[in-house]
Structure formats: structure tokens, C-alpha cells
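Listed in TrEMBL for this protein:
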SIGNAL    1-23  signal peptide
DOMAIN    29-153  domain 'CAND6/7 N-terminal'
DOMAIN    172-412  domain 'GOST seven transmembrane'
TRANSMEM  174-194  transmembrane segment
TRANSMEM  201-220  transmembrane segment
TRANSMEM  240-265  transmembrane segment
TRANSMEM  277-295  transmembrane segment
TRANSMEM  307-329  transmembrane segment
TRANSMEM  357-375  transmembrane segment
TRANSMEM  381-401  transmembrane segment
Amino acid sequence: MAMICRSFLLFLLISLFVLYGTAEIRFTEIRSDANPIIPLDQFGFTHTGRLELNVSQIDLSIKNDNLDLAKVGFFLSTLDAWMHVVQQIAEGKISCALESDLVKLVSDFKAAKGKSSFDVVFQVNNADQYTLVFANCLNDVKVSMAVRSTMYNLEGRDGHRDYLSAGKTILPRVYFLLSLVYFSLAGIWIYVLYKKRLTVFRIHFFMLGVVVLKAFNLIFEAEDKSYIKRTGSAHGWDVLFYIFSFLKGIMLFTLIVLIGTGWSFLKPFLQDKEKKVLMIVIPLQVVANIAQVVIDETSPFGEDRITWKQVFLLVDVICCCAVLFPIVWSIKNLREAARTDGKAAVNLMKLTLFRQYYIVVICYIYFTRVVVYALETITSYKYFWTSVLAGELATLAFYVFTGYKFKPEAHNPYFAIDDEEEEAAAEQLKLEDEFEL
């Protein structure tokens, strides 16, 4: 517990310095950059989309009245359109992306009229997912500027602004409804613990804590997305979301490790190697959560985002692999005990339980890490919420399975077995041994 507290304080301290993004209202500073193409942000527009662009502190490394400022500016492009633009440039049909009729020209630097700033409001009438891109087609000219981009869709009869990208606008309701489900599960679990209080172990209270943290995590995420939807900024709700996301992540991985070791309901202590797993998983979860904060709070095309995305994936894979070791150790120990202590059926039932849990943990990790990512990649931007819902439903199913399999019982089914089951289990174990030989 002391390690969790120290890890939490470290995460909180670092994340407060990292939180500099402002949701769907982006601030980008470009300093002495000569790159011909700089992608800034991405957004899913409806047919009533708007882009507000505020450019200030413009400074060019070469100040020459003969510079063609029409070759420096901003445009919107879909992924398909951009592939064709690249082909046009390669074939020599155009020399600058701003010249292509396949992109939507937002503004070039002529709009500044010699000033160091300019503002543009651009209407998007064709629904699609667009990337805001800055193009500099002047050779050897470095550009410095500050860019504030605000993207939104107009919704309803009153034309109110929706700052969430199309496909994400339904997320506040999804998260809120799921939080109600988890609060209901917490209430049901409290009732079960009260009714079965004579057979409750410490692990059952730990499971309650995980469910409650998950419920609060979802309710804060719903508020976070709701404020972004209405105002373009989280107004501090993102801090609460990240705090509870961190606590939930550490508690969930710790719970999987504790259940895998059989702590509390099979043995009242942890072995040294099991403690080492926790000492590895908890600090790695701190790193993973910091990486997630950086990923969420930076532009989709930021340099730091790519690095932290790789860090997050590496750390997440290590954590997912680490939590499987205690389950494997328990399966091995139970298998050896089934052959030596004369209680084949009892240990075989425990063995079956841990085998099932091992398979479910692997399926949960695979689905939430691989399948959900695949859904995000292949589904249209308009249905982004379906990948989020799929991941959350998989998590809910995992929570329900864990609670059902390890719920407190008056007569623990893993210890109380009749004679016929004892004989059948012993015979099954004997056949397995003969098959292996």
C-alpha cells in the first residue's frame, strides 16, 4: 500500500506538469521550422463544420517583399485526398500542396497583409475527417508562429457548438450509462458481502474497491467529455479523470496478481517472487499512466506523442505479461499438489478455476489491446464510439466473470466436493497423466 501511495504522488506531481493541452482547442507553437508540411490537428466534421484559426507572432527567416506568400498557408485535407496530392507533386503537376484542387485552402499568408497575425473562420460543408495542415513551399525559409485552432460542429436548431469530433459526440452518454452500471454492480457486491459476511476474505473488499474506482473513473470521464463537448475545454475534469484512471489501473493489475497468487482465499501471504511482480507492475503502471496523459493532451501529430505512444505500448505489454506469471505459478503448484496430497478432486477444481481465469485474462488483454485497436483503425470516424463501447463492454464482462468466480460462498465450491466428484476427478487426473506419458 505504501508503494501505491508513493507511486500515486509521483504520478500526480508529474501529470500536473504534463497537462498543457486544452482538448479540442489546440495551441501550437512553431519555431524556426523549415519543414514543407506540418500536420497540426485532426477532426471529424459534419456538414455544419467550422474551423476558427488564429495565427499570431508570424516571423519569417527571410524578409523579402518578393516572397510569394501564396505558397505558405493552411489547408484541410482528408487522408484519401492527401494521397492523391502526394501523387500530383510526384508527377510534377503541382509544386505545392496549396495549389491542389483536392484540398480545402483555409488561408495563406497573404491574408496577414504584412502584419504579424490574422484570423480566419472557415466553413466545412462536406462531412468527413479532415487534417489541418500547414504548408511552407518556400525554399530555405524558416517559419515561426503561434497557432490557435478551434474545430467544432454546429448542432440543433439553435446551432450550438459541439467541440467533440463526429463519432465522439455520443461518448459522454456512453460513459455516464456505464458508470451507472458499475455503481449498480458495487451496490450488488456490497449486498453479497453483507449476506455472506462469514465467508468474506480481504480480496473481496479489494474487488469492491476496484469496481468503485472504475465507476468514479467513468463518471469523471463522462464529465470531462461533456465539458469538452460544450466548451472545448475540460475545465479541470481531466485531472480527476486521470487520477482515478491511475488508481483504477494500478488496483486492477494488483487484483489480477493477487487473485493469481491465491492471496487471501488460498493463502494469507505473498511469496517473495509474487511481491517482486507487484514491485514491477506498480511502477510500470505509473509510467503507463503518465504516457497516457501525454498522448491524450498533445496533438495527434506531435513528436512527443509518437515517443510516448511507443513507451505506453511497451510498458503495457510488460505489465500484461507480468500479471500472468502468478497465475501460471498457481496452476503449476496446484497440479503438483493434486498428484501428491491425495486430494485430487479438490486441487483439480482449484486447478480448473485458475486455468479458466488464465484463459479469460489472456482473452481480456488481447481484446482490449489488439481487437479494440483494430476496430479504431478499420471503422469509420463516424463510428469511433463503437470501439470505445466494445472495450468497455469487454472490461465489464471481465469484472463480472471475476466477481462471479471468486464470490464468497457459505460452502466454498473449491473445497467442498462429494465422493463421486472426488472419484471422477481422480480418474480424470489419472487419464491426463497417462496421456502425457
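Just so it is clear, glycine is given a Cβ too, placed from its N, Cα and C backbone atoms.
Just so you know, TrEMBL annotations never went through curation; they're auto-generated.
Remote same-chain partners of the transmembrane segment (201-220), defined as residues 6 or more beyond its termini with a Cβ less than 8 Å from a stretch Cβ, comprise 175-176, 178-179, 182-183, 185-186, 189-190, 193, 237, 240-241, 244-245, 247-248, 251-252, 254-255, 258-259, 263-265, 392, 395, 399, 402-403, 406-408. The transmembrane segment (381-401) shares the most Cβ pairs under 8 Å with 174-194, out of the stretches 174-194, 277-295, 307-329. If you look at the transmembrane segment (307-329), the same-chain residues 6 or more away from its ends with a CB under 8 A from one of its CBs are 253, 256-257, 259-261, 273-274, 277, 280-281, 284-285, 287-288, 291-292, 294-295, 298, 354, 357-358, 361-362, 365, 369.
Between the transmembrane segment (240-265) and the listed ranges 174-194, 277-295, 357-375, the one holding the most Cβ pairs under 8 Å is 277-295. Model confidence over the domain 'CAND6/7 N-terminal' (29-153) is summarised by a mean pLDDT of 91.
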